[in-house]
Amino acid sequence: GISLSPLIDSQDEYQKAVAIICGSGLGMLADALSNQDAFKYSEIPGFPHSTVQGHAGRLVFGELRGKTCVCMQGRFHMYEGHSLCKTTFPVRVFKLLGVDTLIVTNAAGSLDDSLRPGDIMILKDHINFPGLCGLNPLCGPNLDRFGPRFPAMSGCYDAGLRRIAMEIGKQLGVAEVMTEGVYAMVGGPNFESIAEARLLHRLGVDAVGMSTAPEVVVATHCGLRVFGLSLITNKVLLPELLLQRILIKLVNGKRVLNSALLNCYDNVNEQM
């Protein structure tokens, strides 16, 4: 396998770099990077193997609109059998590289009547259900070099980056498919029962998925700025008959998401 030690030892190259974790089917952003240097997860010591369809399993270094970037084409999930320490291991690697901003994306199901397949939900907060049950990547001895024993999670999704994203949506003319909301992580791999979906809705959850929250917890512990978004792929409890319509809207949503992220880079670069 390869070693990331030379990259970590030369942090200057990645100071204020941006890391992106691409969710299910959203790895196309890595293809937009120039001067690419890509490694399979299986080649990197300490990295788990991605086993989920739609996750290419590559760590891609490069530049995006003149900004140094490292992109994960595919993430790791608790339901694959990985420990939360393993699923969040890349985030700590990003911190050691010198990254200061993390963008997390995911595919999620909507619990809000106004959120339709193909829409983009910008995360303003989350409910980490595994974390509430003691399944937290920060359990065990605290790693003081990364952050405090008891990090606060209030404001873990950077308000400034959220404002930039909403402004970009207006500029692109896609503001009608963008909104802010609360994301909930459940363990999976099964989808929610009817009673569970009703409970989540009553708790104020707008979209639900099986990832993201552990990575955000570790990123916040490390002091990284975090921006998160969900591509809505389905309505929870939506009849199977509407699957084809969902797929069509999902393809359109991917195009909007890719364009929005590229424009977000331009705006963030100007402010850094």
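Indices start at 1 and increase along the chain as displayed.
Even glycines carry a Cβ here, placed using N, Cα and C.
A TrEMBL annotation is a machine prediction, not a hand-curated record.
Feature list (source: TrEMBL):
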- 18-235: domain 'Nucleoside phosphorylase' (DOMAIN)
- Ser24, His55, Arg75, Phe76, His77, Ala107, Ser211: phosphate binding site (BINDING)
- Glu192, Asn234: purine D-ribonucleoside binding site (BINDING)
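In the structure shown, across all protein chains, Arg75 is the one of the binding-site residues Arg75, His77 with the greatest number of other Cβ atoms within 10 Å.
In this structure the C-alpha atoms belonging to Asn234 (purine D-ribonucleoside binding site) and His77 (phosphate binding site) are separated by 20 Å. Using a 10 Å radius centred on the Cβ of Phe76 (phosphate binding site) and all shown protein chains, the other Cβ atoms total 29.
Ser211 (phosphate binding site) falls outside any helix or strand according to DSSP and counts as coil. The two recorded residues Glu192 (purine D-ribonucleoside binding site) and Arg75 (phosphate binding site) have their Cα atoms spaced 21 Å from each other.
As a whole-number mean, the pLDDT of the domain 'Nucleoside phosphorylase' (18-235) in this prediction is 93. Long-range Cβ proximity for Ser211 (phosphate binding site), meaning a same-chain Cβ under 8 A and a gap of 6 or more residues, is found for Gly23, Arg75, His77, Asn106, Met185. Within the same chain, residues at least six positions away from Ala107 (phosphate binding site) with a Cβ under 8 Å of its Cβ are Gly23, Ser24, Gly25, Leu26, Gly209, Ser230, Leu231, Thr233.
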